[in-house]
Amino acid sequence: GCKGFLVKCDSNSECCKTAIVKGKKKQLSCLCGAWGAGCSCSFRCGNRC
């Protein structure tokens, strides 16, 4: 299964594909923070993957 919002990830494929955020469809991706914070999925999944 795919991972939810702010869950650690290694690649975009681990995060949900899309979500509706404030009425707009957003592509979800694995974002990496600076200073060794690690990578996490960009938006909350809800139940859709």
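Any Cβ shown, glycine's included, is placed from N, Cα and C.
Candidates considered were Cys16, Cys30, Cys32; Swiss-Prot assigns the disulfide partner of Cys9 as Cys30.
Reviewing Cys32, Cys41, Cys45, the cysteine that Swiss-Prot connects to Cys39 via a disulfide bond turns out to be Cys32.
Residue with the densest Cβ environment among the disulfide-bonded residues Cys15, Cys16, Cys32, Cys39: Cys15, by other Cβ atoms within 10 Å. Measuring Cα to Cα from Cys9 (disulfide bond), the disulfide-bonded residues that fall within 10 Å are Cys32, Cys41, out of Cys16, Cys32, Cys41. Between the CA atoms of Cys15 (disulfide bond) and Cys30 (disulfide bond) there is a gap of 7 Å, rounded to the nearest whole number. For Cys41 (disulfide bond), the spatially nearest entry among the disulfide-bonded residues Cys16, Cys30, Cys32 is Cys30, judged by CA separation.
Reduced to three states, the DSSP call for Cys16 (disulfide bond) is coil.
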